[in-house]
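Participant: Sending over a structure as structure tokens; questions will come in a sec.
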């Protein structure tokens with residue numbers, strides 16, 4: 001089924017088409033580019049100028065030094081880092097589920113849909129459901145005490161030491177299905193000879209998949225890890241906002257950088273500081289992306305180009 | 001090959017199904033809590049949150065629906081419809097431009113557009129809010145549609161460009177010989193061939209736009225303009241003591257997505273892969 005979107009011919013390079021005039025391309029590209037330049041270009045330029053000003057006056061890097069010495073911003077960043085550290089766990093769970101599903105025939109469609117369902121649920125909905133589940137006298141604790149595991153009962157969302165971990169578990173719960181689907185679709189598209197050879201050699205389940213499958217779907221694993229890393233750094237607002245009623249609590253236990261920026265701009269009325277924090281966040285995202293591809297010794301363009 | 005494994009290693013098969021059943025339970029249990037909770041009374045939910053509802057108590061649905069729910073639903077529907085259709089139109093035009101014509105700086109331009117996929121939306125928030133205030137577009141659906149378009153375009157252009165490049169040259173060539181213009185080729189040949197990726201993008205973008213909270217929260221402040229996600233977020237705190245109503249509202253908000261997913265499932269799953277398995 002993946003063949004649907006793959007090149008039907010190995011072709012597609014542009015040299016053959018060089019006879020066509022290049023100006024015509026502009027008419028096709030211009031409308032989309034106008035929207036993109038207007039929104040992204042305007043925002044990024046405006047954000048940077050705003051981060052260097054206060055009340056319209058040029059203040060150099062003062063906003064940045066204020067933000068970087070704000071303990072709350074550092075706490076927020078540390079929380080994003082903590083969530084980032086969950087990415088390997090997320091990739092591993094998704095990988096194990098994908099290969100398990102791949103080896104399964106009977107009921108595969110049911111299990112696949114079940115695992116994928118959390119991914120299509122709206123985040124506010126997820127946050128509200130888990131809010132009920134994780135409450136002190138909520139569904140999880142009721143369940144634990146009914147099966148005699150009272151010692152495991154925690155104030156999942158109220159205890160500052162574990163609230164962020166609880167939040168992380170909700171994000172994993174929701175995001176894992178996306179990885180499973182990505183990996184599964186890639187697995188199905190692999191030539192079967194690879195596995196048959198391994199099976200003939202008598203390789204077992206884990207050996208087959210960690211030695212053969214893992215490298216074979218490496219691009220998908222990297223793609224998923226990159227997407228999820230970016231999610232953990234800059235897309236967790238929805239979870240935190242809904243589950244902590246917009247406060248990042250208990251205390252500041254679930255404060256993250258997006259919520260910090262949001263509150264700086266719209267509650268503390270300090271858009272300049274929020275702009276400086278946004279520039280930091282943007283820079284971190286870019287560094288993360290570049291670092292990731294450096295580690296993988298792959299260029300960004302190579303992964304994203306067909 | 002699979003039968004063999006199963007016969008030789010029944011333990012392995014048992015382990016597999018145990019793992020899968022556990023995961024399916026983990027995935028479905030919260031959804032079950034939501035749907036069953038929506039049909040319970042407050043007392044039933046608090047007494048036994050996990051037991052099946054004793055009857056179909058529709059009180060939760062009644063009070064959820066009588067709130068501003070229909071208005072929010074309509075707003076979400078309008079925003080999603082317009083932003084997704086416009087995004088697909090502009091993205092397919094641009095992707096055809098990228099796939100069909102060589103021009104200087106094409107690869108760099110495409111790389112820049114693709115890298116915009118990682119810009120955190122919160123970065124756009126402050127400048128666009130100021131702009132929105134200046135143009136008095138706060139609490140209008142237009143500005144949200146426009147921002148959503150910009151955020152959905154990079155991935156859409158990237159995916160469609162990859163797909164259009166894969167259309168065999170011979171098909172396009174034969175049409176050019178017949179004297180078809182570039183636009184005619186696009187409309188008569190390229191678009192009809194691209195049903196699958198366009199359907200995929202429609203579902204992916206629809207899910208994203210329907211679920212987006214941050215931008216909608218900031219830009220849609222008056223209650224009549226809120227989207228479902230913004231409305232429900234406030235809904236939760238307002239009805240925090242009335243769990244069946246909250247669960248009913250959540251179930252209603254999820255339903256359109258499940259329907260969209262079931263319709264687009266075939267394309268959706270294969271389409272999501274296109275972005276990741278390329279570049280080998």
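Each Cβ is built from the backbone N, Cα and C atoms, and glycine gets one as well.
Automated prediction, rather than curation, is the source of TrEMBL annotations.
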Participant: Taking A:250-272, A:273-295 as the choices, which stretch does TrEMBL tie to transmembrane segment?
Facilitator: A:273-295
Participant: Which residue range, A:59-80, A:81-102, is the one TrEMBL calls transmembrane segment?
Facilitator: A:81-102
Participant: Please identify the stretch among A:114-134, A:221-242, A:273-295 with the greatest number of Cβ pairs below 8 Å relative to the transmembrane segment (A:81-102).
Facilitator: A:221-242
Participant: Looking only at residues six or more beyond either end of the transmembrane segment (A:162-185), which have a C-beta under 8 A from one in the stretch?
Facilitator: 1-2, 79, 82-83, 86, 89-91, 93-95, 97-99, 101-102, 112, 115-119, 121, 123, 126-127, 130, 134, 154, 156, 217, 220-221, 223-224, 227-228, 231-232, 236, 239-240, 243-244, 249-250, 253-254
Participant: Near the transmembrane segment (A:114-134), which same-chain residues lie under 8 Å Cβ to Cβ, leaving out any that are not at least 6 residues past its ends?
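Facilitator: Same-chain contacts beyond the flanks: 97, 101, 140, 156-157, 166, 170, 173-178, 180-181, 238-239, 242-243.
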Participant: What else in the chain is close to the transmembrane segment (A:221-242), if you only count residues 6 or more beyond its ends and a Cβ gap under 8 Å?
Facilitator: 80, 83-84, 86-88, 90-91, 94-95, 123-124, 126-128, 131, 167, 170-171, 175, 178-179, 182-183, 214, 248, 254-259, 262, 281, 284-285, 288-289, 292, 296, 298, 303
